[in-house]
């Protein structure tokens, strides 16, 4: 049974499970058959009362056609963020506008590319799109929602690309400015950061580390840059709880039956300011949820 929520985020009841399979143009397992319940607690024994989720949907229109949006009421998070929406706000499909959520979109200037979204049960105090730096803000990669006790940030970090053509921009410009932005927020309130960070930090975060040393998302430069964020007092919630767990990924290529073989990468993260580390109850990957080449990642907190 889900714990009673605090007033800051009073959740609607979780959707009852149904035996009826969801049908779609691309047949996928029904979320109605999956169990999203949790009795997780903090190290001090406090039951979770707040849940956030993050999912790179790899195109929100295609995701909707696969009934990916049915996951949101089934998981019933207080906040969920999406990456790679690839859609202007005016063209967002009606069926992804979920009742009970305030929705915020940041689209790229270039159509069909990048983009982020936040769904929140409680209306934020303020929502900011981008970093406030022109060279970074035309691809819809960041949304910040301010709440009473914390900032919630979602991001879709730039991929270094084929041939690592954007590696220098990624680590020397984007990462530097984004990390500084997070540190600036943290001076005011704790930060919850969720999204596709486009890096597998440890060897155990990728199925084939030896053959991917020069692949985007696993270069020495990207991993070292991510390490700098950890050194700025941000906590990778999953590795905080499961420092040696293997075979846990959030992305699988569509090629070579990678997902069925679990040949994947852990690219998606739920991170928190170190001051929120005692609030962490659990951090999970919903690998059985289909609809994208990524799966949702979920963080349970006691706030």
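In case you wondered, yes, glycine gets a Cβ from its N, Cα and C as well.
Any TrEMBL annotation is an automated prediction that lacks curation.
Taken from TrEMBL, the feature domain 'Endonuclease/exonuclease/phosphatase' applies to 53-294.
Here TrEMBL flags 56, 84, 196, 198, 293, 294 as Mg(2+) binding site. Cβ environment of residue 198 (Mg(2+) binding site): 156, 157, 158, 159, 160, 170, 216, 217, 222, 267 lie under 8 Å away, each six or more residues apart in the same chain. In this structure, residue 198 (Mg(2+) binding site) belongs to neither helix nor strand by DSSP; it is coil.
Feature annotation from TrEMBL assigns site 'Transition state stabilizer' to 198.
What TrEMBL lists as site 'Important for catalytic activity' is 268. Annotation for residue 268 (site 'Important for catalytic activity'): same-chain Cβ neighbours under 8 Å, separated by at least 6 residues, are 54, 55, 56, 195, 196, 197, 250, 251, 285, 294, 295, 297.
Under the heading site 'Interaction with DNA substrate', TrEMBL lists 294. Under DSSP, residue 294 (Mg(2+) binding site) is assigned to a strand (E or B) in the three-state scheme.
Taken from TrEMBL, the feature active site, proton acceptor covers 294.
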Under DSSP, is residue 84 (Mg(2+) binding site) helix, strand or coil? coil
Looking only at the domain 'Endonuclease/exonuclease/phosphatase' (53-294), what is the mean pLDDT? 98
Including all protein chains shown, what's the count of other C-beta atoms within 10 A of the C-beta of residue 56 (Mg(2+) binding site)? 26
Reduce the DSSP letter at residue 268 (site 'Important for catalytic activity') to three states and note it down. strand
Among the binding-site residues 84, 196, 293, whose Cβ has the fewest other Cβ atoms within 10 Å? 293
Which residues, same chain and not among 56, 84, 196, 198, 293, 294, have a CB within 8 angstroms of the centroid of the CB atoms at the recorded Mg(2+) site? 57, 58, 83, 156, 250, 251, 267, 268, 292
